[in-house]
Amino acid sequence: MFSPVLFRFSKPNSFLVLLFFLSYIHFLPCAQSQREPCDTLFRCGDLTAGFPFWGVARPQPCGHPSLGLHCQKQTNSTSLIISSLMYRVLEVNTTTSTLKLVRQDFSGPFCSASFSGATLTPELFELLPDYKTLSAYYLCNPSLHYPAKFICPNKGVGSIHQDDLYHNHCGGIFNITVPIGYAPEEGALNVTNLESVLKKGFEVKLSIDERPCQECKTNGGICAYHVATPVCCKTNSSSEVNCTPMMPSGSSAHAGLSKKGKIGIGFASGFLGATLIGGCLLCIFIRRRKKLATQYTNKGLSTTTPYSSNYTMSNTPTSTTISGSNHSLVPSISNLGNGSVYSGIQVFSYEELEEATENFSKELGDGGFGTVYYGTLKDGRAVAVKRLFERSLKRVEQFKNEIDILKSLKHPNLVILYGCTTRHSRELLLVYEYISNGTLAEHLHGNQAQSRPICWPARLQIAIETASALSYLHASGIIHRDVKTTNILLDSNYQVKVADFGLSRLFPMDQTHISTAPQGTPGYVDPEYYQCYRLNEKSDVYSFGVVLSELISSKEAVDITRHRHDINLANMAISKIQNDAVHELADLSLGFARDPSVKKMMSSVAELAFRCLQQERDVRPSMDEIVEVLRVIQKDGISDSKDVVVEIDVNGGDDVGLLKHGVPPPLSPETDKTTASSSNTTASSF
């Protein structure tokens with residue numbers, strides 16, 4: 001079986017290695033029968049797997065957190081999630097420590113795949129040399145020539161290539177893994193052949209040393225995991241289980257000790273004994289403090305906590321024990337540290353995140369409520385850690401609010417919340433998946449706008465994915481309340497991840513609005529919400545209209561260097577669109593003047609932005625309607641780009657004919673100028 005050691009060591013003095021591991025030894029009483037589930041193999045159809053995997057009859061502590069296997073009983077197929085993508089496990093070879101995998105979305109037609117990134121976790125998997133990685137581009141400029149060209153509905157023109165050559169001409173890119181001998185065609189891609197190749201899958205080798213677990217089992221132990229640390233659990237004569245971290249291969253405490261090494265061990269043992277005595281005294285002190293705190297609480301002096309009371313706290317100030325029981329080694333191993341779970345998310349200690357972020361040294365950015373840092377967890381996951389500015393009652397409420405909202409939401413375009421700290425932590429920290437490509441704002445008018453500009457097809461796809469996420473939130477009774485381009489993150493494939501739910505509100509389904517003091521970012525705040533203190537989902541629609549205007553123009557929402565009437569982009573957009581001057585708003589580098597299909601799509605999106613930015617919220621479209629309209633615009637644009645014909649517009653007109661493409665433009669300049677001019681369309685300059 002596979003046996004992991006995730007931490008690789010050089011060859012230090014043996015007594016230092018022993019000291020390191022002695023300091024992590026824990027005595028964990030548990031029944032003999034609790035070992036049995038980790039003796040059980042994962043079985044699904046013809047596939048079996050043991051340590052370091054878990055799943056079905058093997059509880060999570062029996063394997064690495066990232067190696068959970070799922071059995072589809074209807075098809076007897078096994079699946080594994082890697083970097084948020086679902087893979088089918090075709091084979092597990094325990095002799096060579098290899099797996100054969102195929103992406104779940106490649107089981108059907110290629111054009112129906114998710115077109116999202118496929119990055120293997122390097123700490124766990126190594127691609128075998130018989131395979132290679134190719135780049136698949138999509139939403140490409142249709143007027144250029146590409147090798148291995150393909151066209152997919154809603155994804156436009158695409159190409160398969162081994163090098164990163166077309167990122168400036170295409171809206172999206174993702175990786176595919178193929179045999180080393182596969183070569184895509186020079187002309188049109190043979191999609192049927194590619195589908196056949198992808199369905200056969202590829203092989204990876206686990207980047208794990210199996211020898212420590214073999215040694216553990218030879219000595220009568222059971223291999224398990226605490227978070228991402230492999231442990232060996234043994235039963236003593238009193239039927240109690242001791243779990244200790246497994247030592248790396250080649251660093252045995254008994255191999256080749258010199259006289260100085262033995263003296264060092266004696267010194268280390270004495271030091272460890274003194275440390276244990278000090279620890280006992282510290283525990284007594286902490287118990288006394290907790291007892292006093294309980295007395296204060298009983299007198300009505302309790303403090304606000306960031307969580308509801310459906311779980312209980314353990315005796316240690318940085319770990320959480322969830323009420324209820326788990327079978328197998330779960331209760332025992334969870335006591336080793338802070339791997340507990342609150343409402344489906346992991347609870348971290350402050351020290352664990354301090355280590356993951358290298359003492360909060362890698363700042364990614366900051367917002368109105370906290371600074372965000374880059375970090376790497378022990379299991380290899382890259383994370384973004386939000387550190388709230390202060391621990392006031394308001395910050396605690398925002399902390400709790402973001403957890404309550406994100407813990408129950410699952411959507412491909414919403415950022416994933418991995419976990420948080422406890423109320424006992426020195427600081428309130430939230431842990432999210434790390435999104436590598438920055439914010440949409442950086443790509444539109446920030447430091448990446450010149451080096452890697454986003455082409456129009458990709459911008460339209462970003463608008464669709466953002467609208468889809470907001471539509472999902474509204475259907476779930478949630479108003480984001482801070483929709484802006486700095487809260488729209490992009491991964492390496494330019495897939496959207498909407499973030500920052502500190503201001504979001506749960507919206508009662510039986511009410512038309514809720515009354516609350518206006519909050520948000522200048523330039524994005526709904527003027528009716530600002531004036532009347534009445535919040536509903538149409539407030540997000542207004543903010544999204546500003547985002548659409550940024551996608552069209554590449555301009556910031558507020559810019560005091562512009563003419564005073566155009567400082568607020570919402571005002572500028574309304575004025576330009578109403579006066580039939582979209583060309584003065586549009587970023588001409590996107591092809592508005594030279595590509596008829598791009599001009600048509602950008603003009604249609606401008607019409608939609610115009611509707612979203614109306615002063616009267618009742619005439620704004622819903623997010624559901626916005627998603628539908630954007631998809632129609634994209635579909636029509638792709639249809640037009642399949643047969644590009646360059647025409648010279650001798651009249652210089654900008655008429656696009658929106659109605660025949662299903663985009664109802666109320667108050668639009670062409671369909672009803674009289675109505676538009678009589679309406680109050682002046683957006684707030686807030």
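Including glycine, each Cβ sits where the backbone N, Cα and C put it.
What Swiss-Prot annotates here:
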type	residues	note
BINDING	Leu364, Gly365, Asp366, Gly367, Gly368, Phe369, Gly370, Thr371, Val372, Lys386	ATP binding site
MOD_RES	Tyr432	phosphotyrosine
MOD_RES	Thr516	phosphothreonine
MOD_RES	Thr521	phosphothreonine
MOD_RES	Tyr529	phosphotyrosine
SIGNAL	1-33	signal peptide
Reduced DSSP assignment, Leu364 (ATP binding site):
strand
For Leu364, Tyr432, listed as recorded positions, tell me which one has the smallest number of other Cβ atoms within 10 Å.
Leu364
Do me a favour and check the Cα-Cα span between Asp366 (ATP binding site) and Thr521 (phosphothreonine); whole Å is fine.
14
Would you identify the secondary structure of Thr521 (phosphothreonine) according to DSSP, in three states?
coil
Do me a favour and check the Cα-Cα span between Thr521 (phosphothreonine) and Leu364 (ATP binding site); whole Å is fine.
20
Rounded inter-Cα distance in Å - Tyr432 (phosphotyrosine), Val372 (ATP binding site):
10
Starting from the Cβ of Gly370 (ATP binding site), draw a 10 Å sphere and report how many other Cβ atoms land inside it.
22
